[in-house]
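According to Swiss-Prot, the protein has these features:
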{"type": "TRANSMEM", "residues": "39-59", "note": "transmembrane segment"}
{"type": "BINDING", "residues": "H116", "note": "chlorophyll a ChlzD2 binding site"}
{"type": "TRANSMEM", "residues": "123-139", "note": "transmembrane segment"}
{"type": "BINDING", "residues": "Q128, N141", "note": "pheophytin a binding site"}
{"type": "TRANSMEM", "residues": "151-164", "note": "transmembrane segment"}
{"type": "BINDING", "residues": "H196", "note": "chlorophyll a PD2 binding site"}
{"type": "TRANSMEM", "residues": "206-226", "note": "transmembrane segment"}
{"type": "BINDING", "residues": "H213, H267", "note": "Fe cation binding site"}
{"type": "BINDING", "residues": "H213, F260", "note": "plastoquinone binding site"}
{"type": "TRANSMEM", "residues": "277-293", "note": "transmembrane segment"}
Amino acid sequence: MTIAVGRAPQRGWFDVLDDWLKRDRFVFVGWSGILLFPTAYLAIGGWLTGTTFVTSWYTHGIASSYLEGCNFLTAAVSTPADAMGHSLLLLWGPEAQGDFVRWCQLGGLWAFVALHGAFALIGFMLRQFEIARLVGIRPYNAIAFSGPIAVFVSVFLMYPLGQSSWFFAPSFGVAAIFRFLLFLQGFHNWTLNPFHMMGVAGILGGALLCAIHGATVENTLFEDGEQANTFKAFEPTQEEETYSMVTANRFWSQIFGIAFSNKRWLHFFMLFVPVMGLWTSSIGIIGLALNLRAYDFVSQEIRAAEDPEFETFYTKNILLNEGLRAWMAPADQPHENFVFPEEVLPRGNAL
């Protein structure tokens, strides 16, 4: 008689770590968490530190922290000085040489927040991929989240990489982002860019689709509860439908003459529209990084310059852009010591 004794399979450190990372807990960690949690913590902490204590006097010549009197809307972590170029501004690098105060003065916190923020967003997308795989569903949430990542990377990293330095990226603050939008309009005529138009159509179109879809579902809920509040009649595990797709189809068929008859196609469309808007606007920002122009109607500009009585909304916008450039550049880039002669300042077509 032969007795076979099985040997327990060898478990290496990788298997032990894999089990610990994927353990069922209140906040799932996962392999993506190794990237997500440290980078998100450092990015948020860097932003809170910068907006609370760090001045922008040495980079932009302005106050930008709560300590200097700013509020939540005007505080920001400002971009590094123009002279820093595209340096990563490492704390131990040749610029700061390990001096934390000097590092903050040069704008090192902005580079710190931007890079850690980008990796945190990527980690969050990978987290959605990882959990979708473990749960056994498709990864469309992660694919959709690539839209915000594309916008962040193109605006905060790709655009300044195409310009002379990190200085021209947006600073991390509410009013700072508004200033950046004015800059994009004045120097790139961004609102007339077709990629911006597609981005606006995607974002506002997505909001419209979301509102229409939510209202339609609420309109066609089945009266399947005895309570005054219809929300209490829903159970997450119920097998039957909670609203009538047929009734919704009849409603919109009467309104537009056409309506979605397939829930899968409807929800894919709701995914596609805003994500494509984010992607196309990101492509447009990369075009701005390369200083590509779009929709420059030079013939109208020439005619407006020659004929004081000829003016279009386009030529009026061009004059507004010239004003933005003329008055924004000296204030925004004081280190350049811009001086504009009186004759080049915009005064309107008739003068």
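The backbone N, Cα and C atoms fix where each Cβ goes, and this holds for glycine too.
All features noted in Swiss-Prot, drawn onto the structure.
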| residue | record | DSSP (3 states) |
| --- | --- | --- |
| H116 | chlorophyll a ChlzD2 binding site | helix |
| Q128 | pheophytin a binding site | helix |
| N141 | pheophytin a binding site | helix |
| H196 | chlorophyll a PD2 binding site | helix |
| H213 | Fe cation binding site | helix |
| F260 | plastoquinone binding site | coil |
| H267 | Fe cation binding site | helix |
In terms of Cβ proximity under 8 Å, which residues at least six beyond the ends of the transmembrane segment (123-139) contact it?
22, 28, 30-33, 35-37, 39-40, 145-146, 149
Tell me the Cβ neighbour count for N141 (pheophytin a binding site), meaning other Cβ atoms within 10 Å of its Cβ, over all protein chains shown.
15
What are the non-local neighbours of Q128 (pheophytin a binding site), defined as same-chain residues 6+ apart in sequence with CB under 8 A from its CB?
P139, N141, A142, F145
Number of Cβ atoms other than its own within 10 Å, given for F260 (plastoquinone binding site):
18
For H196 (chlorophyll a PD2 binding site), just count the other CB atoms lying within 10 A of its CB, please.
22
Looking only at Cβ atoms, how many others are within 10 Å of the one on H116 (chlorophyll a ChlzD2 binding site)?
20
Measuring Cα to Cα, how many Å separate H196 (chlorophyll a PD2 binding site) from H213 (Fe cation binding site)?
25
